[in-house]
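Undergrad: Annotations for this protein, taken from Swiss-Prot, read as follows:
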BINDING   Thr16, Arg20, Thr264, Gly307, Gly408  ADP binding site
BINDING   Thr16, Arg84, Glu85, Tyr135, Asp242  sn-glycerol 3-phosphate binding site
BINDING   Thr16, Thr17, Ser18, Thr264, Gly307, Gln311, Gly408  ATP binding site
BINDING   Arg84, Glu85, Tyr135, Asp242, Gln243  glycerol binding site
Amino acid sequence: MNTMSHKFVLALDEGTTSARAILFDSDLNIVNIGQYEFPQYYPQPGYVEHDPEEIWEAQMLAVKKAISKIDAKQIVAIGITNQRETTVLWDAKSGKPVYNAIVWQDRRTSPITDWLKANYFKMIKDKTGLVPDPYFSASKIKWILDNVPNVREKAERGEIKFGTLDTYLIWRLTNGKAHVTDYSNASRTMLFNINKLECDREILELLKIPESILPEVKPSSEIYGYSEALGNLIPISGDAGDQQAALFGQVAFNVGEIKATYGTGSFILMNIGNNPIRSENLLTTIAWGLEKNKATYALEGSIFITGAAVQWFRDGLRAIDVSDEIEPLASNVEDNGGVYFVPAFVGLGAPYWDPYARGLIIGITRGTTKAHIARAILESMAYQTRDVIEVMQKESGISINSLKVDGGAAKDNLLMQFQADILGIKVIRPKVMETTSMGVAMLAGLGVGLWNSLEELRSIWKVDKEFIPSMSEEKRRALYSGWKEAVKRAMGWAKVVGGQV
């Protein structure tokens, strides 16, 4: 491995709880991984923050570990992927953050977005593809400008920079020489017009955000600057938000190709090509842009609770000791025994968008066992995925013939077979499951000519296992209709019992 003939790409994956660095070789094999956790801070209810300095330190430790077995001169490119929407403002001269990073999960800006929703919903959805929500960066920027002393005045004088975490890391890596982001991350700020591929002045004026604080928006694969942090100059040539990077890492380059990432929640993205199709129940977002003024778009559906339901089964009910025990337990029964589990712990996301829905286990009889409930929990992940995919097909007019999967639960063969059965399409699991990091490594390598085409990347990508549906159409219909009935009963429950949203 140490011979200088080997070329490597370094992917920085800046997540919500940890910073990771993954080193790939030119055949997209993983050579080494570094990972360091950093804390989240909760100064008040609904507030979620990071210290950007701690993120930087964790990211550099992860890099050091990932490249410990090679010479840094062998790294031909760096790619950066990140938790999206999380917002940092910093002093342009000193580089010091003016406030902690406000994380995507933070809900403090609800009053701002409620006002936007009431008065400007259609305009914002038409221009940005997003719905007014504290999730996105725009209201977080406004909050910092309005609430941190002197920051608005400094911003008006051009002394403040804004960035999502990709932008902040690129700024740090280049010693302040590059203030950039890519199309995919820009599309998550709620300030970017995804039709014109430029920042939207009407929304900026509405929120009183000075345009001078914004980074330059560039394609997802080009040289943005050179890292000076590893001892020699290395081009930073790939940038994408984590979910979009995973779509690219699944080589979903064609219209209608789709991926599901099963994590704490799940994210489902479908490539819809060069036309930003509008959806009633899903977000329209930019998947990536490989050249200036041209973007590939995606429909995105987010499911709030999938893997988190397994954690609840483990920690809340103490039904299992470790998460991996759920699959063998669920395998002890042939089917769910008529039991359905709706994991609406915090409401339901796409396509229901009901903050008042609450969790539900229904269909219990004297014959119900722990194994039936375990199976119902796993199956709920597959049902929710079908909910989103059905809406995607209906609203896009694009039919889907296979689903690519990644994330923790994608290792579970029982769940993946059930996913194929309930969808009636093939489910494909890749050999390398680190699709987010691999996607941005691909973008970075393309940006420096390590690979020359999407076809070349597709030929390197390898399948681990394909799951072929084997369930009858009649059984599929009956099971799914039971799920829809269970969801109906879960919806609005917090209103019935006067619970908090």
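Using the three backbone atoms N, Cα and C, a Cβ is placed for every residue, glycine included.
What you are looking at is a predicted structure, and each value in this text was computed from that prediction instead of being measured.
Quick one: how deep are these features, and who are their neighbours?
TA: All protein chains considered, the CB of Thr16 (ADP binding site) has 18 other CB atoms within 10 Å. DSSP assigns Thr16 (ADP binding site) to coil in the three-state reduction, placing it in neither a helix nor a strand.
Around the Cβ of Tyr135 (sn-glycerol 3-phosphate binding site), 21 further Cβ atoms fall within 10 Å across all displayed protein chains. Mapped onto three states, the DSSP output places Tyr135 (sn-glycerol 3-phosphate binding site) in coil.
In the three-state DSSP classification, Glu85 (sn-glycerol 3-phosphate binding site) falls within coil.
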Undergrad: Between the Cα atoms of Gln243 (glycerol binding site) and Glu85 (sn-glycerol 3-phosphate binding site), what distance do you get, rounded to the nearest Å?
TA: 12
Undergrad: Taking the mean position of the Cβ atoms of Thr16, Arg84, Glu85, Tyr135, Asp242 as the sn-glycerol 3-phosphate site, which residues outside that list, in the same chain, have a Cβ no more than 8 Å away, listed in sequence order?
TA: Asn82, Gln83, Thr86, Trp104, Arg188, Gly241
Undergrad: When the number of other CB atoms within 10 A of each residue's CB is tallied over all shown chains, which of the binding-site residues Thr17, Ser18 has the maximum?
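TA: Result for the most crowded candidate: Ser18.
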Undergrad: Please report the number of other Cβ atoms within 10 Å of the Cβ of Thr264 (ADP binding site).
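TA: For Thr264 (ADP binding site), the count of other Cβ atoms within 10 Å is 16.
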Undergrad: What's the most sparsely packed of the binding-site residues Gln243, Gln311, counting other C-beta atoms within 10 A?
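TA: Selected from the binding-site residues Gln243, Gln311 on minimum Cβ neighbours within 10 Å: Gln311.
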Undergrad: Can you tell me whether DSSP puts Gly307 (ADP binding site) in helix, strand or coil?
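TA: Where Gly307 (ADP binding site) sits, the three-state DSSP reduction gives helix.
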Undergrad: Between Thr16 (ADP binding site) and Arg84 (sn-glycerol 3-phosphate binding site), what C-alpha distance do you get in Å?
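TA: Spelling it out, the Cα of Thr16 (ADP binding site) and the Cα of Arg84 (sn-glycerol 3-phosphate binding site) are 9 Å apart.
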